[in-house]
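Peer 1: For reference, TrEMBL lists these features for the protein:
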BINDING   Ile26, Gly27, Cys28, Gly29, Asn30, Met31  NADP(+) binding site
DOMAIN    25-110  domain 'Pyrroline-5-carboxylate reductase catalytic N-terminal'
DOMAIN    173-278  domain 'Pyrroline-5-carboxylate reductase dimerisation'
Amino acid sequence: MAGLPRRYALRNDDGMIHLPGPFWMIGCGNMAGAMLEGWLAAGLDPDRVTVIRPSGTPAPGGVRTLTALPADETPAIAMLGVKPQKLDDVAPSLAPALAPETILVSILAGVETASLRARFAAPRTIVRAMPNTPVALRKGATGLFSDSAHPAAREAVGALMTALGHAEWVEDEDLLHVVGALCGSGPAFVFRFIDAIAAAGAALGLPPEQAARLALATVDGAGSLAGSSPETPHELAVRVTSPGGMTAKGLDILDDDAALADLVRRTLEAAVDRSREMGAAARR
Ligand SMILES: NC(=O)C1=CN([C@@H]2O[C@H](COP(=O)(O)OP(=O)(O)OC[C@H]3O[C@@H](n4cnc5c(N)ncnc54)[C@H](OP(=O)(O)O)[C@@H]3O)[C@@H](O)[C@H]2O)C=CC1
Ligand SMILES: O=C(O)[C@@H]1CCC=N1
């Protein structure tokens, strides 16, 4: 972080996260709440964070939770964590509370930078982030995009997101629709796969609870192995597949006519299409 303005410094030598000033989280539901859990686990000072949510449901970690924006401070970072459809409920009161140096981070699926800039005129830097719920365990995958971030702001937001797991920038905003489908929605698709192999095991005779336990442990172990091995998932699959053995017969079904690849491609396409629709709705 050498050479960064001090107000952007997010980490010190002990690896703790220090925010440059007040951090507002506008909405703290499934996704933003998971991010907050991950940041708190990473050592974020809860006193720097304010959650604003209409229910007033207390945020984790003793983080200050309000039902309206604080009147007495300007946020260094403000993160939009509401549903895309709620953007216009939030923008009129939030926009005047932001300063040019506020970094505005949006996790709204599909909603483009231009739509955010049309509603939030002040912040020089707007960053779009597309995270996923495993950030709660600091094992997330997050795509980032900004058309405007000063290198220091880019590094600051990158550091914040890297504290939640894997994070990388995309240079073309349109690709955030794909990142949303792959990373943002991806855990739901994987959870369905866990259920599917559990259901298949049960259909073939295992007690359902036992099938569910074995399916979960298998996907957990396979994911960890894939994440820690220098080998590609394809190479790891080869290691499982004994010539003339049982795995090859199963893979023949998944690979026949690219059945699994085609199913997953159509799955992501459907999610991307919806992301584009939500983006178009926010343009109006
Ligand atoms: N869920 C996911 O896995 C992912 C979600 N996203 C994006 O994250 C965003 C949030 O999704 P998700 O967390 O699932 O949704 P949730 O419904 O779980 O959370 C929405 C949050 O918005 C708050 N909220 C609603 N209205 C207002 C308002 N007027 N002012 C302030 N806060 C408000 C709610 O408050 P309260 O708690 O009081 O009800 C709640 O905390 C979406 O834009 C989505 O596209 C992106 C990637 C993955
Ligand atoms: O389903 C959604 O729209 C949000 C964005 C990605 C994951 N959940």
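Each residue, glycine too, has its Cβ placed from N, Cα and C.
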Peer 1: From the centroid of the CB atoms of Ile26, Gly27, Cys28, Gly29, Asn30, Met31, the recorded NADP(+) site, which same-chain residues not already listed sit within 8 A by their CB, in sequence order?
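Peer 2: Apart from the listed residues, the neighbours are Met25, Ala32, Gly33, Arg53, Gly81, Val82, Ile107.
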Peer 1: What are the sequence-distant neighbours of Ile26 (NADP(+) binding site), meaning same chain, six or more residues apart, C-beta distance under 8 angstroms?
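Peer 2: For Ile26 (NADP(+) binding site), the qualifying residues are Ile52, Ala78, Met79, Leu80, Gly81, Val82, Val90, Leu94.
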Peer 1: Could you list the residues of the same chain, at least six apart in sequence, whose Cβ is under 8 A from the Cβ of Gly29 (NADP(+) binding site)?
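Peer 2: Expected: Arg53, Gly81, Val82.
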Peer 1: Given the binding-site residues Gly27, Cys28, Asn30, Met31, which one has the fewest other C-beta atoms within 10 angstroms of its C-beta?
Peer 2: Asn30
Peer 1: Once the DSSP letters are reduced so that anything not helix or strand counts as coil, what is Gly29 (NADP(+) binding site)?
Peer 2: coil
Peer 1: If you average the pLDDT over the domain 'Pyrroline-5-carboxylate reductase dimerisation' (173-278), what number do you get?
Peer 2: 98
